[in-house]
Amino acid sequence: MWLAAVLAAVLVVAPGNPAAHEFSADGLDPAAVELGLRARVGDQVDRWEISVVRELSGRYALTLRRPGAAQSKRRTVELSGQTDEERSRELASTLALILETETETETETESETEAKTKTPVTEPPATPVADPSSDQAQDEVSEVELPVAFVGLETHVGLGPPRSPDPDFGLGLGGGAWVLGDRLQPRGRVRWSHGRSKDLRVHQLDVGLGLAAGGPIARRRLWVGGLVMPALEWTHAEQLRSATAWSGGGELCALAQYRFERVVLGVRTGVETTFSALRVRGTDDVIHRGHLRWLLVLEVGVGI
């Protein structure tokens, strides 16, 4: 009650026809944001139209515009507060930094324009001193939009135990999406692999759907976690004659991905499983596909 009363008093003495402010996003206290912002920048807040929209848990999109201006300024921020009041204070502090930075930039632009219209003086102009705090504030409140999903190609190598490694290589098409605050990543893939020994050849096609769990680090660009992906496998062997077999299996891997603005690079390694071990016998050699094989996968995708 006292917070609403103080805010009402501030609004009474504020200038007439103030710019519109929309702070009623989920997870925020609009009155606390308004009051905290006015306490930091005063009437300067009335020179801007401000709206806040919640995108993900703790992540908010900000839109700022001067009344009558043709273009808006957009920012994306992440708030780490656990309660509405903590997030509201954090947002008020962040908005104050943005407004101060924008005001300083506009003041410098106006000063440069005035300097160009004046008659040049004989004395050399003083070298301007850069304000590191402005760049730092800009870095803190601005954030590159990272992909929320990807589709791409992957290549892999698989090896059995040392007594019968029987390597296989292949290509695949896969994709996934980050959900629930980048904590989970549903994934799917279609993959072809090939192994050979002398004249004996083995081809395998498999389709897998799985789920990775983890989290982002390094300013949300690097994502690490673990992947469980069941798969349905079709194996075809040929030499003088051919044979096919169906089996279930999958992979259990550690996963790391780095997200650029439009590209996603990834690597995962772990074990590939086959429920039914295969022993493909030819005239001169044998290829084993045991229950467990080591797997290394490299992937490159297009971010969405």
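Just so it is clear, glycine is given a Cβ too, placed from its N, Cα and C backbone atoms.
If you check TrEMBL, you get these features:
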| type | residues | note |
| --- | --- | --- |
| SIGNAL | 1-19 | signal peptide |
| REGION | 71-141 | region 'Disordered' |
| COMPBIAS | 91-100 | compositional bias 'Low complexity' |
| COMPBIAS | 101-112 | compositional bias 'Acidic residues' |
Within the same chain, where does the compositional bias 'Low complexity' (91-100) have neighbours whose Cβ lies under 8 angstroms from its own Cβ atoms, ignoring anything closer than 6 residues to its ends? I mean 6 or more beyond. 23, 28, 32-33, 35-37, 39-41, 44-45, 48, 50, 52, 60, 62, 64, 73, 75, 77, 79, 137, 140-141
Can you tell me how the residues of the compositional bias 'Low complexity' (91-100) break down into helix, strand and coil by DSSP? 10 helix, 0 strand, 0 coil
